[in-house]
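*Asks:* Got these off Swiss-Prot a minute ago, pasting:
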BINDING   Cys30  Zn(2+) binding site
DISULFID  Cys30-Cys102  disulfide bond
DISULFID  Cys32-Cys131  disulfide bond
DISULFID  Cys42-Cys156  disulfide bond
DISULFID  Cys158-Cys205  disulfide bond
DISULFID  Cys163-Cys168  disulfide bond
DISULFID  Cys176-Cys197  disulfide bond
DOMAIN    30-156  domain 'NTR'
REGION    30-33  region 'Involved in metalloproteinase-binding'
SIGNAL    1-29  signal peptide
SITE      Lys69  site 'Involved in metalloproteinase-binding'
Amino acid sequence: MPGSPRPAPSWVLLLRLLALLRPPGLGEACSCAPAHPQQHICHSALVIRAKISSEKVVPASADPADTEKMLRYEIKQIKMFKGFEKVKDVQYIYTPFDSSLCGVKLEANSQKQYLLTGQVLSDGKVFIHLCNYIEPWEDLSLVQRESLNHHYHLNCGCQITTCYTVPCTISAPNECLWTDWLLERKLYGYQAQHYVCMKHVDGTCSWYRGHLPLRKEFVDIVQP
């Protein structure tokens, strides 16, 4: 219908949602809930390994009144781990230009490779932000790299709970306790780098590193 306002692209709506979700009082801060790498993989629509070829600042929409900007990264996709049913080959990824909206800064025109997780919007564009799991490929452990192919995907029925204080106990048989913050005061510590929360035939879940059971200090954390 002539004169009718055009609907906003899905990425513009997502930008507005990120702005609304910004915690009050944090100013320019970007705040994300903690998540284990396995949770990131399970909750992401797209998981790829890629290099960044170039970057460009682009408008968030075709509306001249819209002042929001996006960073568009042109990438060279090396391998896709998840998202085959949504997109075949990713050429561009988009992120908010504003860091307060969780925009991601990546190194372009370098040899650095990244593990990128993100969402595929209704218009087919791939959108990433700081609350996604985005890591230099060289920083991933061997267990993490191998788990991208199978173990993370096959165990999305397990629940991972972050432990902040003791005692910290499971509330369901399919739950694993993530204790990196308690033991190392950082999220992506030894447990995140070397263990997968795996489901057994009886429906229970527990941490495993390949065929090795969980280290004793991870088990002891559930005791008062």
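Yeah, the Cβs are placed from backbone N, Cα and C, and that goes for glycine too.
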*Asks:* Restricting attention to the domain 'NTR' (30-156), give the mean pLDDT.
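*Replies:* A mean pLDDT of 94 is what the model gives the domain 'NTR' (30-156).
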*Asks:* For Cys102 (disulfide bond), just give me the three-state DSSP call.
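*Replies:* The three-state answer is coil.
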*Asks:* According to DSSP, does Cys205 (disulfide bond) fall in a helix, a strand, or coil?
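*Replies:* In three-state terms, Cys205 (disulfide bond) counts as strand.
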*Asks:* Taking only the disulfide-bonded residues Cys42, Cys102, Cys156, Cys168, Cys176, which one has a CA atom nearest to the CA atom of Cys205 (disulfide bond)?
*Replies:* Cys176
*Asks:* To see if you understand the setup: which same-chain residues, six or more apart in sequence, place their Cβ under 8 Å from that of Cys197 (disulfide bond)?
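*Replies:* In sequence order, His36, Gln38, Asn155, Cys158, Ile160, Cys176, Cys205, Ser206, Trp207 meet the Cβ cut-off.
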*Asks:* If I take the Cα of Cys163 (disulfide bond) as reference, which of the recorded positions Cys30, Cys32, Cys131, Cys156 has the closest Cα?
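*Replies:* Of the recorded positions Cys30, Cys32, Cys131, Cys156, Cys32 has its Cα closest to that of Cys163 (disulfide bond).
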*Asks:* Nearest to Cys42 (disulfide bond) in three-dimensional space, by Cα, is which of the recorded positions Cys32, Lys69, Cys131?
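*Replies:* Closest by Cα: Cys131.
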